[in-house]
Amino acid sequence: MTKQAPPTTVLPLSEEQLDRLQTATGDLSPLQLAWISGYFWGRVAEGKPAVPPPSQSAAAAAPITLISASQTGNARRLAEQLRDDLIAARLDVVLINAGDYKFKQIAQEKLLLIITSTQGEGDPPEEAVALYKYLFSKKAPALPSTQFAVFGLGDSSYEHFAKTGKDFDSRLAELGAQRLHDRVDADVDYQAQAETWRAAIVEQLKSRVAVASPAQQQLAASGNVNEVDSSPYTKEAPLTAHLALSQKITSRQSLKDVRHLEIDLTDSGLRYQPGDALGVWYENDPALICELLALLWLKGKGDEPVPVAGQTLPLAEALQKHYELTQNTPAIVAGYAAFARDEALLAVVADKAQLQQFALATPIVDMVRRAPIELSAEQLLSLLRPLTPRLYSIASSQAEVGEEVHITVGVVRYEIDGRPRTGGASGYLADRLGEDDELRVFIEHNDNFRLPGDPNTPVIMIGPGTGIAPFRAFLQQREADGAPGQNWLFFGNPHFTDDFLYQVEWQRYVKERLLTKISLAWSRDQAEKIYVQDRVREQGAEVWRWIQQGAHIYVCGDANRMARDVEQALVAVVAEYGCMDPEQADEYLSELRIERRYQRDVY
């Protein structure tokens, strides 16, 4: 008979259960013990069994595995198109998001396709970080039986263009896998390359894969993949909405111009969740277009008809609505230098590092101003890239605001040789769009930045500057749900008096005890600069206690500096208070990421 603990004890285990637990955990490292503690707490909080049942896809793996690693949705849409192509060719395929892929099964893959974007300065998209780290670790297996192909999406205005695709391609080859097709590195205008690549992949696989049975085809097409939420409006077919409110939420003295925008979605049926982003199709500044045309001896030719996306438009309208004018790239600099034959520009092009820095710091119009020449409309358009929408983290919950969507916009303002310049999208939203004006928008769903399913789960939110936006949505949702879980916000900006975004709302949440803790970092209010990562370290013991209680951690904001510094702070906290070395702490954080307890929305 099992001996039960006395009724007065607080121990919820019998002596026999306790003995079994001690036996099972006696040889575990501090990292393993800490992970198990948080793992089972999270399972209890979510109301899920400790060991999930095997998935249907795992039980009957398809010959073709297609992994989508997306940051802004482009890679996911392209992967869905390829999935549909393969199904139409009666080939058996499983499409899976990188964040859901059980990467330790990669050695069993025979045919592997990866479509991936790159974020920031060459980093993998958030949902692919765990897979990326695994493949580049000592644990990665040899892959002699795997054939693969990689399509990499990127933005050539960044130095490490399409780096994640390049990294996946080279690493898979190093591990012994064989290329089905040469890697493709595609810029923002990737559609033509993608169509060619998709067709080539399908043709190659037809000779390698048996035709799928009707049941297999139905399984592949029935949504046994992680589809994004359906929406009546898309990037390609956006909603025409109206601006309801535009309000500056920094003070007159602030060096930052941050706007709170409310957009009316009445009768549109457009739905979103906290964690999603709003895509905005902006228009270029007419004054900037006039300046550029004048420098290129095209003044007075704004009405000249030009072909754009299957239609004919006046040149000025084409530049306003269809071409990127505010972000320069090394390719544009090189192309213009070849037209201009300017010695100074050609010298810049000859130096790769100097070229990258010049493109980053010099808008197109200011490059032209350095060496103005006469160009035809055709030559000008041949240099430019298509305009792409900007994404903004949504700052509202529909449970609170109904048929509206709110965003927080940091307006980009600077000077070049004394001439004021603004960001393309932020300037459009702040300066050229009036209340009740129309704008084209769509929802970019982000299943990799979601509140816990269990309202009892505590959350830690780290978002300096405009990175605070999604956490406004989070707390609106938690309030509407009556969620009892604790909430802790880390926020930072230069000055308390000038830059405390949504201050009154946070104060109300603190007063009403919805916001359990708030830790603030004002970088310019004292001699020593203080940032959110410093507050995380200062509160390390409490942060670790929350993590041990199953807290989910969310980070939003700048990918290149803040997010890296915050991650280093979290690793330091885990190492110190979890009694681990830095490598173990980093692995522990990776496990949290896999469990969806550490999520980032960085840009």
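Cβ coordinates are placed from backbone N, Cα and C, and glycine is handled just like the others.
Annotated NADP(+)-binding residues in Swiss-Prot are Ser523, Arg524, Lys529, Ile530, Tyr531, Val532, Gln533, and among Asp481, Asp565, Asp581, Asp586 the one listed with them is Asp565.
Put simply, Asp155 (FMN binding site) is 14 Å from Thr326 (FAD binding site) when counted between their Cα atoms. Within the same chain, the residues at least 6 positions away from Asp565 (NADP(+) binding site) whose Cβ sits under 8 Å from its Cβ are Tyr531, Gln533, listed in sequence order.
Least packed by the Cβ count within 10 Å, out of the binding-site residues Ala425, Ile530, Val532, is Ile530. With all protein chains in the displayed structure included, the most crowded Cβ environment within 10 Å among the binding-site residues Tyr158, Phe161, Tyr392, Tyr531, Tyr603 is that of Tyr392. Note on proximity: among Ser117, Gly120, Gly410, the binding-site residues of the record, the Cα nearest Arg524 (NADP(+) binding site) is that of Gly410. Scoring each of the binding-site residues (Ser70, Arg390, Gly410, Ser523) by how many neighbouring Cβ atoms lie within 10 Å, the top position goes to Ser70. Tyr603 (FAD binding site) and Val532 (NADP(+) binding site) are 17 Å apart (CA-CA, integer value). The number of other CB atoms found within 10 A of the CB of Gly73 (FMN binding site), across every protein chain shown, is 21. Rounded to a whole value, the Cα-Cα separation of Ser117 (FMN binding site) and Ile530 (NADP(+) binding site) is 33 Å.
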